[in-house]
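Trainee: Okay, handing you the structure first.
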């Protein structure tokens, strides 16, 4: 049973940021099709930040009405919205509308907001739910959260990007400049604003009726298939959550071994009489019964292992300000500044460079977290 719970916790964590990470790695194929063009990452950055109204609403609900908001319905609701939004994205991501005289991909931007709302809200709902499980299962949840960036990156690498190549195509020598080795032709380029690029190319065989043309190779599978795969991964996370809820045992809160009973709020008591830390107020028990299914009755393993917490010296005001400033800078650069200008820094080197930078960046984050977990430096 313990191995099954580890697998379910990992699958549950997969749905935390899989949708937003999937959108970022798919952008190299979308910027050449959607009317926003190279500015599309900037639109996504603003939309994702606006979606933080979700965690803000959850935080205010816990603050103003302690114990009134139940995490289980919220988690099930946001995951269901994520599955539906991914499925609709696969069908309508190309739809555009004329807004204020300009063509806009309204369907893609609107569905992106709902996907970002799901992932942002997961930051304040998934982990409180996982606090009902022993601490060893929380690590499996974080592994699944890392996979939410790793798996879309692998899919993007397998998908590839439409690479361009030059081929010789026969055409009748009707061009008056053909005898001089010049071929004037109009080419379709997916990244051009108007879709047509008129250029003059020199080719030594142009006088013989041959011209150099650009051919764009299709990716291994379409963006529609990619969005369907995102919907499947979000569905796996929703199914894992339902199975965790239906387990026939109630897990003791892992936080009860970290917080003394004197520090528990008066209203933070579960239905079984187990004291709940204030941060977990509003999280309902998983089922009926007691104890960890892998370890027997509740408290059998933990008796004799409870130790008083060691008091640690706190940080000074200047140290705390420095830490918060570094966190703000790292998050603003990682989630705001760098993604919004990635097209302008990578696309001049070609769509392949942009594709590899987006996919490999998605792979690097979970790998770095694994290295930090295996080799902590304190």
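Glycine is no exception: its Cβ is also placed from the backbone N, Cα and C atoms.
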Trainee: Give the range, chosen from 38-60, 176-198, that TrEMBL lists as transmembrane segment.
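Mentor: It is 38-60 that TrEMBL annotates as transmembrane segment.
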Trainee: Between 295-313, 314-332, I'd like to know which one TrEMBL lists as transmembrane segment.
Mentor: 314-332
Trainee: Tell me if the transmembrane segment (352-374) touches the transmembrane segment (141-164). I count contact as 3 or more CB pairs below 8 A, with pairs 6 or more residues apart.
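Mentor: The answer is yes, given that the two segments have at least 3 Cβ pairs within the 8 Å cut-off.
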Trainee: Residue list, the transmembrane segment (225-244) vs rest of chain: Cβ under 8 Å, 6 or more residues beyond ends.
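Mentor: Hits for the transmembrane segment (225-244): 5, 8-9, 11-16, 18-19, 22, 26, 75-76, 79-80, 82-83, 86-87, 89-90, 93, 118, 129, 144, 148, 151-152, 155-156, 159, 286.
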